Amino acid sequence: MKDLLKLLKPTNQAEEFDGIRIALSSPDMIRSWSYGEVKKPETINYRTFKPERDGLFCARIFGPVKDYECLCGKYKRLKHRGVICEKCGVEVTLTKVRRERMGHIELASPVAHIWFLKSLPSRIGLMLDMTLRDIERVLYFESYVVTEGGLTSLEQGQILTEDEYLDALEEHGDEFDAKMGAEAVLDLLRAVDIDGDVQKLREELPETNSETKRKKISKRLKLLEAFQVSNNKPEWMILKVLPILPPDLRPLVPLDGGRFATSDLNDLYRRVINRNNRLKRLLDLAAPDIIVRNEKRMLQEAVDALLDNGRRGRAITGSNKRPLKSLADMIKGKQGRFRQNLLGKRVDYSGRSVITVGPKLRLHQCGLPKKMALELFKPFIYGKLERRGLATTIKAAKKMVERETAEVWDVLDEVIKEHPVLLNRAPTLHRLGIQAFEPVLIEGKAIQLHPLVCAAYNADFDGDQMAVHLPLTLEAQLEARALMMSTNNVLSPASGDPIIVPSQDVVLGLYYMTKEKINGKGEGMVFKDPNEAEKAYRTGQVELHSRVRVRITDTTIDDDGNRTTKTELRDTTCGRAILSLIMPEGLPFELINQAMGKKPIGRMLNKAYRDLGLKDTVVFADQIMYTGFHYAMVSGASVGINDMVIPEAKKEIVSAAEEEVAEIQEQFESGLVTAGEKYNKVIDIWSTANEKVSKAMMDNLSKEIVKNKDGEDEEQASFNSVFMMADSGARGSPAQIRQLAGMRGLMAKPDGSIIETPIVANFREGLNVLQYFISTHGARKGLADTALKTANSGYLTRRLVDVSQDVVIMEEDCGTYEGLYMKPLIEGGDVVEPLRERVLGRVLCEPVMKPGSEEELLPRNTLLDEKMCDVLEENSIDEVKVRSVITCDTDFGVCAHCYGRDLARGHMVNQGEAVGVIAAQSIGEPGTQLTMRTFHIGGAASRATAENNIQVKNPGTIKLHNAKWVVNSDKAHVITSRSTELTLTDEYGRERERYKVPYGAVLKKGEGDSVDGGETVANWDPHTHPIITEVEGRIKFVDLIDGVTMTRQTDELTGLSSIVVLETGQRTSAGKDMRPMVKLVDGKGNDVNIAGTDIPAQYFLPGNAIINLEDNSEVKIGDTLARIPQEGSKTRDITGGLPRVADLFEARKPKEPAILAEKTGTVSFGKETKGKRRLLITPTDGGDQHEEMIPKWRQLNVFEGEQVTKGEVIADGPEAPHDILRLRGVSAVANYIVNEVQEVYRLQGVKINDKHIETIVRQMLRKALILRAGDTNLLEGEMVEMSEVLAANAKAEADGKKPAIFERQLLGITKASLSTESFISAASFQETTRVLTEAAVGGKKDSLRGLKENVIVGRLIPAGTGYSYHKERMQRRLDELNVDIEPTMTAEQAEQQLADALNAGNSSAGDDSAE
């Protein structure tokens, strides 16, 4: 019995460990792992296939080849367990030990570990403070290094060439030591005094001034401290003993025909052993130095190749000319251990097949072919057959199943009942790519899928395949049913809108049945209820579309569940009455009393979910689908060539356009317009022509004139099939119909420019050869784009998941009072996103007050649902402060209140929800729909003329924000501030429109004036930038000398002369240092001050400024003194689509970014250099002056003497997110990234909730840079996790010490993933070698907090249902630590016990942890 128990023991090793530590292993440690030294390069005997003794597969070292059998066959059987055979020396045990027993090689000469040498920055190099090149020259025997200087002039670590060494030998004899090779480096590493060096460097750091030196010191300090903390010894970076992988992990398999298939590692090990043995022999023979050296170098190279082939020099190749796969290659990359086997595994109990439509299924069902079911449920069937007594043994059951007897099918039916299966379609881009269904057995071999879940899977039935998985355990079945059932996933986790929305045929059917027709059969009939209407339709008394009156009963259910009914006669159509029969009670008839396109159906389902709950919605969705299919069939909608009606007006429009083009061509030939202007005009003409044709076509298609019952003509919505499909949203769009029946329009050349002659034909008329050829380019580009897009989008998703995977809801409420202010998003005259959309499902951070009173509408910590949003709208509230993940205070995760509503469920989010992964999937999944290209501004795109006025759309009141203005002589306001915004508010004070107003704009209306819709409120000259005077007086020119700093120009047409200031480059040497300016003086010639200050009114003039006034002329307030011409800003390519999203999340700095003011203060210009000017800001609060060099070609927005606030734009351009964070703070950068990302998705019509993007931004803001360390143990210039900084500061403040000063850093997602605390997660993401090297040197411990690390070590993840498991485990650990201590002990004893308990915990972790 004991033996049996022992047998079971090794398999059941407890996985109770709390972390995994990675460290350098010492030679002794490697020897302790080993079961013996491998002395020979032989593998197995080619005749007997038995492993050679002392070879790479030796049974004595690694264990027996057959279970419980020694090699020579003396001991067989279980009874000899643990005996070591005296003849062949093999222990009698399981073969399995050959997977875990390691061997070793004693190296004849030490060898450097290539990872610590070559992985940048070189750890050995940093340790010794030598360059990598020098160390390599020593290691590969090209030069000597001094290991012991003695009393000579030679320094330790000095590099000597062969000749220098010989000279030194002559001079000093044996007073010094110099060696080459790894021994030398080993001696140097041994000599490093870590504690002393750390002390020295810490003292040096504050005293060094040069930036580079400080960086170098802090790098070295970090490394030394890592060694100090981790108890690694530097000399362990040099190998003296090489471990050998267990043989079953590098198998050698005999193939038929006497050949062997082998792992590359065996070849690499053989090289090492061969060279090592040869070196041993040479040393024994006392061979000449040069030969020994060469052999040592070869050994070093062999070990390098084994550890990381190709890292240094050329990769060693095998017989077939491909590089051998080394140990490093085994773990990195997509095919490496991490990503291939640990993060993604193949599973059993699965099958795959093609999918087809299951229009008769319920939403929670799927059709499973009998063959597949039989195979998947085999074990269940065997068990059931035995329990029934139909089969006596498993074998008999197996026979029955193979014969497929009748009982087997009966049993299968029972087994399948209520046992959900999982269906998955690749690529699984979001969590709805795997859902659970109840199987229904079907004939045939294809899986049947419910049409409504196709949208979630992004599946269609053109040959897609899906995989079926079977949840086995009870818990798995329970989770599948409660969490993954398709009926539980009605809402999309990305936007919170229903994702189970009918499309295509169903939409067409519903649209058809709810259309109305004038003068249909039975028009004007009256029915007592919808049932009667249906009877009349079925008996042919009434047409489906006829306008009739029906008595309809509406039921409304309020919050408490009370029902109120209302019955009245309604004007409707027969079809709508029939549709109302399947409406669940509680939904108003209004919802369907219209032509039901895709959008109204979506709204209806959304309302059903919010008002009636999940169950009714699911039943309703199914009913809608069945009805839709039926009436789509009845409608007989089909497409014939005659349905594509070409508008009459097309000929005229096209010929008119051709005439215009001919006219422009004439103008071009006579030299009136340039080629560029001609090109733009021609393209303009054709674009408008195309618009006209398509408008004419749609008008023609969408309406038809019919006779009504009085015989008069009346127009109604058309019943044209093509139009119905597009109008209902079932398939197609006006743009596509335009190509079928309008004209194809302008096409692009391969270089992206637009061809001047459009394709005038459409598909109905047919294309000629040239037209066809032109259009092939676009089509091919589309295909190439799609392929690229898929890969790029997948990679973006992977980076997003990796950065956000450990964001999990950890607690209910972190109690923070921080949050983000939310306003409606307004661009120009349009509300892009109303407040309601932005705050729905968020939690309030501050109570909302009723406008104009002290009354509290909604208290703090309210979750805003639909009803609350109605309250906000009724009280016309414009700005709300809500909680956000970005400002959440929870360490290691976020709290439920800061996240708000779980979008996929519609209630407050649960603890343990993996919101990070959901966010990443929601952003990544639509990635394939985004465009790939950057738009080149050319042709039709650059038609937008420069804006020169603001015309409001709605009536309302004007408000100006951060504006300064003066009133000029015409009583108009002239703006004299930079970043002014003008908003229009309605009568409730809600913002409706928002515009930017430039400096120098003239406002007809001022602050608080009311305007009518369509009124123009501001004008400015878009081509010049004025300089406005804020005081009146006479002007006086200073340093304006004709021919030195300015020239006069006379306009040919008007004869007026103007003064143009020369740029510094064009001036003579005399004028280089002059500063031309205009001063204002009063009648007596004294300087005038700007009102309310003692700053004299003087305006410096930059180069190219134009002055139309003469010296000493009078000016009034608000007059223009000078104008600076604005050259049209360089046409930049607009980056759009996927690359733009990637740029934002990677926080890339744009080319030529906007320059922002670093401080608040007064601007002045210092001495200029050749290509740059010096901008100085003198702070208002009297701090240090800030200076910045700005290239001259940048157009500046500020003049000398102007006030700027911190973060204000000084030179236009795309803003860099890092600058925004530094100068305007966290919420500004969050807003910027959220809005910019949303803009890209909005263009494609994809709806994503803001909080997903915020979750990613939170992860990008995880790190802080330490500016001053204070009294904490942080290093300045170091990047540290925010939570760590806050903890250190809290500790310092509690002890009354100085806290550290830090600044938040914004990291791109790749960099953020690589700098996570967990090295396992980082290593499995990218740059595996670098991450592992760094972690090993620092002796890092991974405490397995995130999801990825736990998947890799094979545990439940700390999210979802695994969250409670981890919580309980933590609690148990705490209890265990608290239980052992009896209060009777002394303090010392207690401490000892606690230490023992902790050590016991650690040592048990040590056994399992991967050292």
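Cβ coordinates are placed from backbone N, Cα and C, and glycine is handled just like the others.
What Swiss-Prot says about this one:
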type: BINDING; residues: CYS70, CYS72, CYS85, CYS88; note: Zn(2+) 1 binding site
type: BINDING; residues: ASP460, ASP462, ASP464; note: Mg(2+) binding site
type: BINDING; residues: CYS814, CYS888, CYS895, CYS898; note: Zn(2+) 2 binding site
Nearest to CYS72 (Zn(2+) 1 binding site) by C-alpha distance, among the binding-site residues CYS814, CYS888, CYS895, is CYS895
What is the nearest of the binding-site residues CYS85, CYS88, ASP460, ASP462 to CYS895 (Zn(2+) 2 binding site), using the Cα of each? ASP460
Specify the count of other C-beta atoms within 10 Å of the C-beta of CYS72 (Zn(2+) 1 binding site). 14
Just give me the nearest neighbour of CYS814 (Zn(2+) 2 binding site) among the binding-site residues CYS85, CYS88, ASP460, ASP462, Cα to Cα. ASP460
For the recorded Zn(2+) 2 site formed by CYS814, CYS888, CYS895, CYS898, name the remaining residues of the chain with Cβ within 8 Å of the site's Cβ center, in chain order. GLU811, ASP813, THR816, ARG883, VAL885, THR887, ASP889, THR890, VAL894, ALA896, HIS897, TYR899
CYS898 (Zn(2+) 2 binding site), number of other Cβ atoms within 10 Å: 29
Taking just the CA atoms, what is the gap between CYS85 (Zn(2+) 1 binding site) and ASP464 (Mg(2+) binding site) in Å? 59
Fewest Cβ neighbours within 10 Å, where candidates are the binding-site residues CYS88, CYS888, CYS895: CYS88
Determine, from DSSP, whether CYS898 (Zn(2+) 2 binding site) sits in helix, strand or coil. helix
Cβ within 8 Å of the Zn(2+) 1 site centroid (CYS70, CYS72, CYS85, CYS88 excluded): which residues? ALA59, LEU71, GLY73, LYS74, TYR75, LYS87, GLY89, VAL90
Candidates CYS70, CYS88, CYS888, CYS898 (binding-site residues) - the one closest to ASP464 (Mg(2+) binding site) by CA: CYS898
Return the residue, from the listed binding-site residues ASP460, ASP462, ASP464, with the maximum count of other C-beta atoms within 10 angstroms of its C-beta. ASP464
Expressed in Å to no decimal places, the gap between the Cα atoms of CYS88 (Zn(2+) 1 binding site) and CYS898 (Zn(2+) 2 binding site) is 68
Between ASP462 (Mg(2+) binding site) and CYS70 (Zn(2+) 1 binding site), the C-alpha gap once rounded to whole angstrom: 59
Pick out which of the binding-site residues CYS70, CYS85, CYS814 has the most other Cβ atoms within 10 Å of its own Cβ. CYS70
Rounded to the nearest Å, what's the C-alpha distance separating CYS70 (Zn(2+) 1 binding site) and ASP460 (Mg(2+) binding site)? Just drop the number here, would you? 59
Excluding ASP460, ASP462, ASP464, please set out which residues of the same chain place their CB within 8 Å of the center of the CB atoms of the Mg(2+) site, keeping sequence order. ILE355, ALA459, PHE461, GLY463
Whole-number Å only: compute the distance from the Cα of ASP460 (Mg(2+) binding site) to the Cα of CYS888 (Zn(2+) 2 binding site). 41
